[in-house]
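K.L.:
This is the structure I want to talk about, given as structure tokens.
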Amino acid sequence: MVAAIRVPKTQRARRELLKHAPKLVETGKKTLILHGTKTSAVLNSVLSDIYHLKRDNAVKYTKKNDNIRPFESGGESSLEFFSLKTDCSLIVYGSHSKKRPNNLILGRTYDHHIYDLVEVGVENYKSMESYVYDKKLAPKLGSKPFFAFIGEHFESAEELKHLKEVLLDLFRGEVVENLNLAGVDRIYVCTATSPTTVYMMHCALCLKRSGTSIPRMELVEVGPSMDLVVRRHRLPVESLKKEAMKTADHAKKVKNVTKDPVQGRLGKVYMPDQQVGKLALSNDIKGLKRERREAKKNKEHSKKQKVNPE
Amino acid sequence: MAEGAAATPAATSSFEVDLGNLMAYDPSHHLTAASSREELRQECLQKGTELAQAVADALFALPPSEDRDGPIVHLPPPTIRLPREKHLPKPKPPTKWELFAKAKGITKRKKNKREWDEQTQSWKRTYGYDRVNDDKDIPIIDAKATDEPGVDPFALRRQDKKKRVEKQEKSRLENLKKAAKVGALPSHIQLAAKALPITGTKADLPKKSRKEDLENVAGMASSATASGGKFDEKLPGEKPLKHPGKHRKFLPVAEGKGMGNLEKQQNDKILNSLLARNSDEQLDVGKAITMYKVKKEKQRSKDKKMSSKSDKLKPQKKPLKKSSKKKA
């Protein structure tokens, strides 16, 4: 029976496992980038560019991966295993075939099981290296990006609505409460050019003086840029979605505590009823002991006797 | 650019700005039928600039707090809600003891880390190594009238302790199992099936029989005939047994030339070694030297003790020795 339990042998492994544990408030999702048995030069470049953009929070597999067909039943098992192994919940899978050239599958997992999938084809791709610009403007690693979505198709077309959400999840990074305004330096511009196509580009943000406290924004394209043509997509199951959308109820309003500028924190305390009848009694209450009771009785008796003669 | 800036205030109303995600969305924009890629790019850039400006307008309007690294603003939570990565942490079910304690109204009390030990008259740890009332510090256990003769009280103590530890381990496992059922296992612990994912559950699979096991069974079956499988026909692809027939070999007892002689030799060897221990002729030189050395060492230390005890007024030996060495 003892062998049935597994505990990490080193403190380091233990810390690592604690990092994988579900958290009340989650820190950013990790991305897993991998490809199938066949890829193209374009796809290789796309994958490495995405890895470069997400370098602070991504894992890239460089070997070929067999038997990954996320849209077919049974074909997602190894993806789910990789997701568990690397603790990634965003998956970018590249494959290339005659039927679906330059195929990119963007997927998300919930509890290390596939949550939803979008399959896109990459067209008109321009890599990061092909852009020439002032390197001082280059976005810093891990900075929080802006997003600009343009076009009515993001609302009208089901696939693009889905793709928009996935792209946002893929690139937004960690949800933060405090943002340093000096660290604002990049934007993803996604334009729906047709009901199935999104033109996506990555630009650096230049903050220029405008005479007011709000700076004037200027975009400098830094790449990559590509057309994403939606092929297949799978929306999350409704029940799973409901489960995944749960959030921790944030600190409840504290009752009976007020803040006063002069006196600081003030609290009201209400004493609950002392329910003496329901009190848990232990067996060794001294007053309930027979010897004591009798001793006391005897004492009183003797006192009375003493008093009486006088 | 001036045109864009002028257009912004009018257009801002149609933008959806999600400040938590630093995102702006313009659902009303219609692309002009761009003929070339370059035109499309320019249009997108221009529109993107507008949207970036819209986000920046909202962002830079927030009251900043100065920091050493720059102004820091407090972002509102994102309005577009995205799914979680993993389920919410589940509360751990109470252990059997916790349930009992609650029913009885027993509350936890903190104990000091160190306690005064009467046995050794010193402060010692409450638990763990070198603790208070440690078994090894108890030299005497008072005999009681109820004690059974022939029972070692020290061994009994050790046994009891062992039993307690085993019981605790058992209840710990039970509690963990209970927690695993609800899916609230501490993340660093994995139960039963080795491939159990950290979250979620998987029924433990029955153990698969290995190829080696199957081969063993097949071999046993094939040799379980009166002839020991000698005259049985082999199946195609069946390999011969790895350890066929007898595993132990006994030497013949009867005296002979080859194998028979071997038995005698073996016994002779054993007998010789036994006799040699007591015989005077055989001398193990290495052993003798060490014995001699040990004896001498003992004698010397004894002498030393005697001398130091006898007169403390005499100067100590050590410094003298050192100086003599130096001289030499």
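In case you wondered, yes, glycine gets a Cβ from its N, Cα and C as well.
As annotated in TrEMBL:
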{"type": "COMPBIAS", "residues": "B:204-214", "note": "compositional bias 'Basic and acidic residues'"}
{"type": "COMPBIAS", "residues": "B:218-229", "note": "compositional bias 'Low complexity'"}
{"type": "COMPBIAS", "residues": "B:230-241", "note": "compositional bias 'Basic and acidic residues'"}
{"type": "COMPBIAS", "residues": "B:293-303", "note": "compositional bias 'Basic residues'"}
{"type": "COMPBIAS", "residues": "B:304-314", "note": "compositional bias 'Basic and acidic residues'"}
{"type": "COMPBIAS", "residues": "B:315-328", "note": "compositional bias 'Basic residues'"}
{"type": "REGION", "residues": "B:63-96", "note": "region 'Disordered'"}
{"type": "REGION", "residues": "B:198-265", "note": "region 'Disordered'"}
{"type": "REGION", "residues": "B:285-328", "note": "region 'Disordered'"}
K.L.:
In terms of Cβ proximity under 8 Å, which residues at least six beyond the ends of the region 'Disordered' (B:63-96) contact it?
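P.N.:
Residues 18-21, 23, 102, 171, 174-175, 178-179, 182-184, 186, 199 contact the region 'Disordered' (B:63-96) from elsewhere in the chain.
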K.L.:
Excluding the flanking five residues on each side, which residues at least 6 beyond the ends of the compositional bias 'Basic and acidic residues' (B:230-241) place their CB within less than 8 Å of a CB in that stretch?
P.N.:
215, 218-219, 222-223
K.L.:
Count the residues of the compositional bias 'Low complexity' (B:218-229) that DSSP assigns to helix (H, G, I), to strand (E, B) and to coil, and report the three numbers in that order.
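P.N.:
The counts are 5 helix, 0 strand, 7 coil.
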K.L.:
May I have the DSSP-based helix, strand and coil counts for the residues of the compositional bias 'Basic and acidic residues' (B:230-241)?
P.N.:
0 helix, 0 strand, 12 coil
K.L.:
Of the residues in the region 'Disordered' (B:63-96), how many are helix, strand and coil by DSSP?
P.N.:
1 helix, 8 strand, 25 coil
K.L.:
Work out, from DSSP, the number of helix, strand and coil residues along the compositional bias 'Basic residues' (B:293-303).
P.N.:
11 helix, 0 strand, 0 coil
